[in-house]
């Protein structure tokens, strides 16, 4: 097929996505196809205006399928993605801990002064809100005192579920008392596990390729997530205020000079305490020093160490595990995503049946 025919096909698929956007809004594979088509149109310099290709005749089987083959499990994100794209999905990591420090999906690392309720995530599948209050009177630093997580209703997989944690109340169930996604066929694709009752909860959402860890340490809550790229990217322009996406707004960041002010203990003592758990003087170490310095509480070393270990478990590229002062706030990584044309057509064909 020449470039003209290729662009006609892409415009046809792009038109199909627009026509089926409302019906398929909650389908992750649909969002995967949308982004893949956009990438291919850019790569091949295809204009959005122009002729389209006629629709192919419908056959009794989906492209690439064989008679009797079963459809991908809609509530097994990784398995479905691998089957559609012949590769493993991409994942992103975000975390918030301490006073609080935010590591965004794109490896910005900020220390924030945010107070009140702020969204960490707000997309078509997941909403996470952190509520913070000052560590002590007269200081800009705050800590997370409450976390609210909403797993939005998704087709045959789960009913909408709400999880809410507060300091001294880290429940091992959703607000309705359940520990899974409900009575739908894919209800087991959302589950809560308690690693350490009252201090460590893990929520697995296999239907969207997501794992969330919530911890309580030193009178504050920490949040860590591994999430599929397609899920993280499935939001509108009205949902652009997300700390996991853009980091803390500039007006809410604590500068390096502010972080070096006199605290409850000496900076040498704080460094010594943090060095015992964090031998590499990276952003996690610097965050630990700030937290211990301001609060005077050595238990903040545990929060920083746990955040580092979560990053070690969740990051797809361990070369980006340690961020150093020159890296903090700098975009180190840009997610790239390419969906093969045939896979995109497969998803759209499936979606409009």
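Glycine is treated like the rest: Cβ placed from N, Cα and C.
Here TrEMBL flags 61-73 as compositional bias 'Low complexity'.
Across all of the domain 'Repulsive guidance molecule N-terminal' (5-48), the predicted model scores a mean pLDDT of 74. Sequence annotations record features per position, and here TrEMBL assigns domain 'Repulsive guidance molecule N-terminal' to 5-48.
The domain 'Repulsive guidance molecule C-terminal' annotation in TrEMBL covers 91-316.
Among the features that TrEMBL reports, region 'Disordered' is placed at 46-73 (among others).
If you look up TrEMBL, you'll see 176-195 (among others) marked as region 'Disordered'.
If you look up TrEMBL, you'll see 331-352 marked as transmembrane segment.
When DSSP labels each residue, the region 'Disordered' (176-195) comes out as 3 helix, 7 strand, 10 coil, counted as helix, strand and coil in that order.
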